[in-house]
Amino acid sequence: MASSSVPPMITEEEARFEAEVSAVESWWRTDRFRLTRRPYSARDVVSLRGTLHHSYASDQMAKKLWRTLKSHQSAGTASRTFGALDPVQVTMMAKHLDTIYVSGWQCSSTHTATNEPGPDLADYPYNTVPNKVEHLFFAQLYHDRKQHEARVSMTREQRAKTPYVDYLRPIIADGDTGFGGATATVKLCKLFVERGAAGVHIEDQSSVTKKCGHMAGKVLVAVSEHINRLVAARLQFDVMGVETVLVARTDAVAATLIQSNVDLRDHQFILGATNPDFKRRSLAAVLSAAMAAGKTGAVLQAIEDDWLSRAGLMTFSDAVINGINRQNLPEYEKQRRLNEWAAATEYSKCVSNEQGREIAERLGAGEIFWDWDIARTREGFYRFRGSVEAAVVRGRAFAPHADLIWMETSSPDLVECGKFAQGMKASHPEIMLAYNLSPSFNWDAAGMTDEEMRDFIPRIAKMGFCWQFITLGGFHADALVTDTFAREFAKQGMLAYVERIQREERNNGVDTLAHQKWSGANYYDRYLKTVQGGISSTAAMGKGVTEEQFKEESRTGTRGLDRGGITVNAKSRL
């Protein structure tokens, strides 16, 4: 007769599983996740893990990032940063800024996985930005090791005089739209964790038509679809056991299209045609007929423009308001109905189109013509009226699933910032906000004085925007320095280099002046000497290295050899 007892291996396996589930539940009860909502259980997470547990350096950086941002939030200040292009920039930034940003735009234009540059359409391989994160994170780790070796080789007096640089500044990376469905987002987030990202942001545009936040033609996905992306990202972080900071971005302020009308929270912002003459003349059908007749290019565009100009596009709410105003009623009764409509459909209530029609019927405006389907684009997208209100609705929906909310804007508008912050804080008072100090804005045309520009960051920080960043700061800084130096080098030769680069490095204490030392030649000399018993005749920084010229001493110059040597000073802060 077969034994009914359970083999010890099975009970041990079950015990390990239950213990891990309990550990995850305890982890989720910590203050770090007090505001986080998950539609899945700890059992789901543990079921997706393997038996070999990993630890990730990025998790330490994520915890550091969380502490940094919460500290700024409490103080009413902001972590300010910009997009870093390379190890030089990331090490220079570390001396002055407490976070690092990795921009998808910069990667798209300067460093894709295929080396094929282009605009920010998120059409590069999905490992492009994770690769850049690893590039910068490895540089951070290396310069941290290099500094550590240098400091432990100093006397206490020397260390006291040598500023310590925290090279391990947390990196927040651009996750674009998640690069596809839920499984694509999961795999992307796994890469980010493995490559060193402390935080990741994901936006609510369609992954098929993704654009830079400051381009036209942006298409949103439904609120529910973007929530699925955020949940997929959080699930992957949970499976890996990390506290990666998740930033949810919305492009709802400037978006003009949306993929579908499936989510009722989007209904109030979708546009429909109100011209009853167009009842059986959808835009898509009109354009298809024109194309079948051989119309192309500018002619086809003119047909579309004419249709749109005569269709009477507006939201359902505006159509109802117009309908009430056309009613043959005393003015006081019209106003009463308008007030009732406004109160019943206040934007934060997210009234669906079906609910709105019921209210309109009650107010005598149920017979209005309004059709959101006939106005759809040839691609099938619905027309969308972007606004701060739309961004608030989306931000509120995303907040339980994200750590920060970022509203992409088209200009640096303090009123707009205040409106968004107030809308978010009304329902999520502890949520952290992010702001793109975009170089796509013409800041000089924004109507601000120099003083107002200087105070812009601290002013919106007090509103709750505790992480602020210039997405393409590294790109523009690199372009400016290279262009101006190249121009002057072409005219003045080495004088341009000495005046614009070498002397400025010296005057500002930039450690790349001694680039051999910056690159770690001393550090690897330590390796060589350690391997060879303390001495090495092939040490890179040994006798004969030209970097000795940069020590604080006078030396004989080489200018005017026909007139004899000229003494020049070559001082540096080594």
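Every residue gets a Cβ built from N, Cα and C, even glycine.
Swiss-Prot lists CYS212 with the feature active site, proton acceptor. Look at Swiss-Prot and you will find SER103, GLY104, TRP105, GLY213, HIS214, ARG249, ASN436, LEU437, SER438, PRO439, SER440, THR471 tagged as substrate binding site, backed by similarity to another entry. Swiss-Prot lists ASP174 with the feature Mg(2+) binding site, giving similarity to another entry as the kind of evidence. Positions annotated as compositional bias 'Basic and acidic residues' by Swiss-Prot: 549-562. Sequence annotations record features per position, and here Swiss-Prot assigns region 'Disordered' to 549-574.
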The rounded CA-CA distance in Å from TRP105 (substrate binding site) to the residue listed as 'Mg(2+) binding site' is 9
DSSP, reduced to three states, assigns TRP105 (substrate binding site) to helix
In all the protein chains shown, the tally of other Cβ atoms within 10 Å of the Cβ of SER103 (substrate binding site) is 27
Listed in sequence order, the binding-site residues within 10 angstroms (C-alpha to C-alpha) of the residue listed as 'Mg(2+) binding site' out of ASN436, SER438, SER440 are none
Most Cβ neighbours within 10 Å, among the binding-site residues ASN436, SER438, SER440, goes to ASN436
Cβ neighbour count (10 Å, all chains) around TRP105 (substrate binding site) is 22
